[in-house]
Amino acid sequence: ADIVMTQTPASVSEPVGGTVTIKCQASQSIFBBLAWYQKPGZPPKGLLYTBYTLASGVSSRFSGGGSGTBFTLTISDLECABAATYYCEXTGVSZBXBKGFGGG
């Protein structure tokens, strides 16, 4: 079955220096096979990969958590440059299921 990724909230506003948490829920367990991406950017900039490993050059202000079906992306000490659309993606999915992206 296809994996559906649902992100909440759809939008969030916090002051500079604050903290934001974005949630991502999978329609079935994906263990910890999740990545987070940031747009703008073509292709989208990878932030965190499986096991919550930070991509090269990404600030440690970004952190990930969760497993199974429920995941979070937390951005602390917010900066103006963090204003963007963030996407979760199920990775490492078996060949008989399509990978799912959150809605951003």
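Heads up, the Cβ atoms here are built off N, Cα and C, so glycines get one too.
Annotation source Swiss-Prot lists region 'Framework-1' at 1-24. For 25-35, the entry in Swiss-Prot reads region 'Complementarity-determining-1'. According to Swiss-Prot, the feature region 'Framework-2' maps to 36-49. Taken from Swiss-Prot, the feature region 'Complementarity-determining-2' applies to 50-56. The annotation region 'Framework-3' is assigned in Swiss-Prot to 57-88. Annotated region 'Complementarity-determining-3' per Swiss-Prot: 89-100, in sequence order. The region 'Framework-4' annotation in Swiss-Prot covers 101-104.
The list of residues near the region 'Framework-3' (57-88) in space but at least 6 beyond its ends in sequence, with Cβ under 8 angstroms from a Cβ of it, reads 5, 7, 14-32, 34-40, 44-48, 101-104. Broken down with DSSP, the region 'Framework-1' (1-24) shows 0 helix, 9 strand, 15 coil.
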